[in-house]
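Going by TrEMBL, these are the annotated features:
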BINDING   CYS120, CYS123, HIS124, MET259  heme c 1 binding site
BINDING   MET165, CYS205, CYS208, HIS209  heme c 2 binding site
DOMAIN    105-188  domain 'Cytochrome c'
DOMAIN    191-305  domain 'Cytochrome c'
TRANSMEM  31-49  transmembrane segment
Amino acid sequence: MADNNQNPHECPDTGHEWDGIRELTNPPPRWWSIALYLSGLLVLVYFILYPSLPLINDSTKGILGWTMIKEYKEDLAKVEARRAPFEDKLAEMSAQEILEDEELRNYAIGSSKVLYGDNCAACHGTGGIPNEGAGYPILADDDWLYGGSIETIMETLASGRQGMMPAHRAMLTDEEVDGLVQFVVNSSNGEATEAGWQLYNSKGCVACHGADAKGVRQMGSANLTDRIWRFSGEPDEIRHTILHGVNDASNPETRVAVMPGWNEKLAVKLDAQKWDEEPEYDGTETERLSETDIKKLAVYVHQLGGGE
Ligand code: HEC
Ligand code: HEC
């Protein structure tokens with residue numbers, strides 16, 4: 001049997017012995033002891049430099065005065081310092097100018113993603129594609145109710161939109177409603193009949209949806225000649241729109257389609273600009289998003305769909 005009780009360093013014996021195994025007093029290896037003392041020292045240094053001992057309401061501060069929240073705030077300040085030159089430029093430029101400057105455009109698009117997610121995605125969906133049948137327009141296509149120029153998008157965001165189509169149930173006979181539903185279905189397939197057009201014209205649809213039924217942007221009336229549906233292309237749903245209208249407050253079954261406004265002050269300013277006037281504020285205008293944020297979002301929406 002091997003002798004497991006070798007004692008090459010001739011260390012003294014502690015006198016303990018179990019089953020023939022003797023306990024000696026040889027010291028641990030030097031590297032090990034140094035590491036032990038160093039780690040003790042490190043604890044002491046850490047203890048002095050950083051917050052360590054918990055007290056009743058607080059803790060010891062450490063001579064560096066470091067705190068996690070302070071570090072976070074410093075990092076945040078660094079990010080903001082890097083953004084500041086961009087933000088300052090955006091504040092002074094028009095949305096059109098931002099669109100034309102590649103660097104600023106990319107910055108605006110990048111920083112809009114959070115803004116869009118926080119304020120718009122609930123209705124318009126991520127990436128501008130809402131849930132089907134939710135009743136919100138797709139922003140990621142080049143079919144526009146109100147228009148896809150950067151100025152029009154700015155107006156849409158600043159003042160909001162609320163297209164209005166009156167309920168027609170009291171104005172039309174059952175046959176006329178059937179005929180108009182058929183007309184809308186046919187028209188979306190490019191197969192509208194002469195009789196259908198006559199009905200469309202004589203019942204006043206033409207006044208809002210236009211002579212070619214492609215919609216009128218000043219009113220946000222939908223294009224009836226394509227298969228991009230604002231609400232739905234199902235005959236029953238088309239019938240519902242015709243009977244009960246859109247945003248017609250006098251009809252409880254009306255479709256509701258409200259795009260909230262985000263900056264009334266900017267809305268007044270943009271409106272005045274159109275007429276080359278000085279904006280007149282009455283002091284009650286709300287600003288849910290800053291003008292700069294709206295510019296960023298307008299640039300973002302413009303590049304999402306086919307901006308014009
Ligand atoms: C409460 C739901 C809701 C929210 C939130 C919302 N929208 Fe809308 N948005 C609508 C509706 C409804 C319409 C269509 C209005 C109409 O039919 O008259 C619309 C229309 C638009 C249009 C016009 C599209 C066109 O074809 O002309 C744009 C652009 C737009 N929204 C962008 C945004 C952006 C950007 C945000 C975030 C700042 C936003 N919306 C937030 C509901 C919403
Ligand atoms: C006073 C203006 C007005 C009149 C009159 C009008 N509409 Fe509309 N219509 C609108 C507007 C505005 C919308 C879009 C509403 C929205 O998107 O918020 C709309 C939407 C529709 C839609 C929904 C299209 C889709 O893509 O889902 C249909 C269908 C429609 N109209 C058919 C008709 C027919 C048929 C008539 C004639 C009986 C008519 N409208 C008369 C303003 C009008």
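Placement of Cβ uses the backbone N, Cα and C atoms for every residue, glycine included.
Structural mapping of features recorded in TrEMBL.
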residue : record                : Cβ contacts under 8 Å, 6 or more apart
CYS120  : heme c 1 binding site : LEU297
CYS123  : heme c 1 binding site : PRO130, ALA134, TYR136
HIS124  : heme c 1 binding site : PRO130, TYR136, PRO137, ILE138, LEU139
MET165  : heme c 2 binding site : CYS208, SER221, THR241, GLY245, VAL246, ASN247, ASP248
CYS205  : heme c 2 binding site : LEU180, ALA213
HIS209  : heme c 2 binding site : TYR200, GLY215, VAL216, SER221, ALA222, LEU224
MET259  : heme c 1 binding site : THR156, GLY160, ARG161, GLN162
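Under DSSP, residues within the domain 'Cytochrome c' (105-188) fall into helix, strand and coil as 47 helix, 2 strand, 35 coil. Excluding the listed site residues CYS120, CYS123, HIS124, MET259, the same chain places ASN119, ALA121, ALA122, PRO130, TYR136, LEU139 with Cβ atoms within 8 Å of the centre of the heme c 1 site Cβ atoms. With a threshold of 8 Å between CB atoms, the same-chain residues lying at least 6 positions outside the transmembrane segment (31-49) that come near it are 62-64, 66. For the heme c 1 site listed in the record, the two most distant Cα atoms among CYS120, CYS123, HIS124, MET259 lie 10 Å apart. Note: the heme c 2 site is recorded as MET165, CYS205, CYS208, HIS209; in the same chain, GLY204, VAL206, ALA207, MET219, SER221, LEU224 also have Cβ atoms within 8 Å of that site's Cβ centroid. Taken through DSSP, the domain 'Cytochrome c' (191-305) splits into 49 helix, 5 strand, 61 coil. In this structure, CYS120, CYS123, MET259 are the binding-site residues from CYS120, CYS123, MET165, MET259 whose C-beta falls under 6 Å of some atom of ligand 1.
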